Amino acid sequence: MKYVGAHVSASGGVENAVKNAVDIGANGFALFTKNQRQWVAKPLSEKSINKFKELMEEHGFIADGVLPHDSYLINLGHPEEDKREKSYNAFVDEIRRVEQLGLKYLNFHPGSHLKKISEEECLDLISENINRAIKDTEYATLVLETTAGQGSNLGYKFEHLAYIIDNIEDKSRIGVCIDTAHIFAAGYDIRTKEAYEKTMQEFDEIVGFKYLKGMHINDSKAKFASRVDRHHSLGKGEIGIDAFKFIMQDSRIDNIPLVLETIEPEIWADEIKLLKSFENV
């Protein structure tokens, strides 16, 4: 069983994300629990929280199939302490929101060194802040996302994720999300069966499938190993459709959210149907 959906809008209240997921025939989804381009947001209302939980139950969604994403502003590895602290406080707020909604995961981009400190120093700061955040919150698993390596973003090598995980004290609360467009742009090929197996074996050896808590399912406008982050609709980009068949037929990827962040929301329902059609081939 795979939880297939898209990153749906929660505009007008988090409960609307559930309705939007239902509308596209999803059995999993991603959402922002607040405006992703603002540092501070009003707390979630009791009414919104209850309605969200009610709709989740009514439509048969479970927490295992939902992958909330934090704000793009947050940088846990920021070289400047005051800005890092601002990011940390926003991150903890995001985790608490997820926990209020009864969800399990918070997906986030590891962080950026902004060309002011070394990669290792930045990875140490990220690890330190994750450890702090785990102590300051209750139970949610914090899910590091693979990145394309654009600019000074870390997370474009499996080794970056492994380094962070190694430094986490409570490993039951850390995980990883593979974004297909990002890994492809970072130089991990998945276009043929052989390339896919090689990349997944590398992931397993360096990070470990036990840490895989979700995937972002995207084709790529950017060329292989370009270190450029540009998503495309399935089969229309540089990756091609076969990679998504391999994913849907891979039992190591069962029971986690597979979330579309492709560029044409109007065809998400079709893309979900397409992915599900690959599952039992």
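The backbone N, Cα and C atoms fix where each Cβ goes, and this holds for glycine too.
What Swiss-Prot records for the Zn(2+) 1 site is His109, Glu145, and among His59, His69 the residue it adds there is His69. Matching Asp70, Asp82, Asp93, Asp179 to the Zn(2+) 2 binding residues that Swiss-Prot gives (Glu145, His216, Glu261) identifies Asp179. With respect to their backbone Cα atoms, Asp229 (Zn(2+) 3 binding site) and His109 (Zn(2+) 1 binding site) stand 13 Å from each other. Proximity to His231 (Zn(2+) 3 binding site), defined by a C-alpha to C-alpha distance within 10 angstroms, is shown by none of the binding-site residues His69, His109, Glu145. Sequence-distant contacts of His69 (Zn(2+) 1 binding site), defined by Cβ-Cβ distance under 8 angstroms and a gap of at least six in the same chain, are His7, Ala30, Leu31, Phe32, Gln36, Leu106, Asn107, Phe108.
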